[in-house]
Amino acid sequence: MSISSIHTVVCRPVSVKKLGAPARLSARRSRVGEWRGASTLSGARPLVFAFAKAKQKGESVEDRASPIEDQLADDEPFVHFDERDFAGTASVPVYVMLPLGVIDMNSEVVEPEVLLDQLRTLKSVNVDGVMVDCWWGIVESHTPQVYNWSGYKKLFDMIRHLGLKLQVVLSFHECGGNVGDDVHIQLPEWVREIGQTNPDIYFTDRTGLRNSECLTWGIDKQRVLRGRTALEVYFDYMRSFRVEFDEFFEDKIITEIEVGLGPCGELRYPSYPAQHGWKYPGIGEFQQCYDKYLMKSLKEAAEVRGHSFWGRGPDNTESYNSTPHGTGFFRDGGDYDSYYGRFFLNWYSRVLIDHGDRVLSMANLAFEGNSIAAKLSGIHWWYKTASHAAELTAGFYNPSNRDGYGPIAAMLKKHDAALNFTCVELRTLDQHEDFPEALADPEGLVWQVLNAAWDANIPVASENALPCYDREGYNKILENAKPLNDPDGRHLSCFTYLRLNTTLLESQNFVEFERFVKRMHGEAVSDLGLLPRTTQENKLE
């Protein structure tokens, strides 16, 4: 996932605190490269299950105090602070992402009894539904157009039985190597076999390194996948899903299909791959036009423009971990704003938008009448510079003198597709304290992207980029979900929490999560502006 705005290999496990003490893992405390989410299904069942089961048995909430009420009844002193009251505001549905490895490579549900308990716990606090990745590498693993949906069918039945809704992600990318990725799911075996003889089906950087995370957009219309184009492969997969799960669409259990459009399922280039040595806050690279298909497209665009010598990638962008001011292309007054630079960036970003346009056209054919969505990553580092280098290499032509997200929103509007955006829990001040050299501004970026989508009159959903268990992070999500004094009353269409794991279900963490869900639903909470002193002390550790 991006972070789902930053993608990198993770290397140090989070320490799991004792029940009753919240795990300190806010966006501010989670430095890139330090966190590994506990997203496995196994482990001791948290005490919070007992509260969930009491609700399931029909015991009155008044007869059995909730965790929050228990905490308020304690003699422990509280810290008072200003906190916005969301009671009576619009209800924003809350979904929870299931673990990445909830279905194994044999298409079986992993530890179904443990998962069922966890789903019941989520249901007990009125979570609206869950999000599930349907991995291309599992379903169409061995043979083209032979699909195995059996594990997903069992999982969806479990979810429907509990009265939860479903957001489904059609994941045409590889899983592994990003924040929270604790499983490795490759592209289908038959696709990898093609890649051995034709490695140009993958994105390629200027040094010749191939990125097998997803297919290059240069083969969208090329019949290189055993007689099919990439677009036809995506469409056949989507159509198979639509037929297989028809009853879930008819019963309105599936509320949205998020269509994977690139690495991590996001509409972006794989410009900052950890497997190639990228580290935050590196600017990344223009990892696109060096496979033969996109190189041909660039040369053709240059010839049409009348400057055939422009049919090449920039040669002064340095490397993945460079800074903008250390390059001739991205520095202030650099070549990004030259005649050639503007030509190249226009072409680069247009290839991204055209890919989204083509795939979403196929999605609307497959899912006619049902809601579809696309995900954008929150590339917030170097946002305070003129060039916005990290956004440029990812395909978002958004320097300080140009709006790069309006054209993407317009493309989504064409297909009645919703926009799902990340990093709504991040605070600019925290980023400045932790990584001042990154000149990041997640709050500015979120505001720009959300308003671009709202101005295009398309639904906007969001999710957190890093694990979030504390009130500070939740309050930031709420502020973005329901902007204060917005004259048009605009708000997120839904929010998806990343992700279900045993740390979330620890006692105090789940208390905070339940409180967050209530406020997203516009319900009142009894501890507004009160924070247990022990929680505040843990936060300052």
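Quick reminder: no glycine exception, Cβ is built from N, Cα and C everywhere.
In TrEMBL, annotation is done automatically, which means it is predicted and not curated.
The feature substrate binding site is assigned by TrEMBL to D133, H173, D181, K375, H380, T422, N464, A465, R499.
TrEMBL lists E266 with the feature active site, proton donor. Other Cβ atoms within 10 Å of the Cβ of E266 (active site, proton donor), summed over all protein chains shown, number 27.
According to TrEMBL, the active site, proton acceptor annotation covers E463.
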Report task. Could you check the binding-site residues H380, R499 and say which one's CB has the most other CB atoms within 10 Å? Result -> H380
Requested in this report: Restricting to the same chain and to sequence separations of six or more, state which residues have a Cβ under 8 Å from that of D133 (substrate binding site).
Outcome: L98, L100, V169, S171, C175, G265
Query raised in the report: Do you know offhand how many angstrom separate H380 (substrate binding site) and E463 (active site, proton acceptor) by C-alpha?
Result: 15
Query raised in the report: Within 10 Å of the Cβ of N464 (substrate binding site), how many other Cβ atoms can be counted across all chains shown?
Result: 26
Query raised in the report: Which of the recorded positions listed here (E463, N464, R499) have a Cα atom within 10 Å of the Cα of E266 (active site, proton donor)?
Result: none
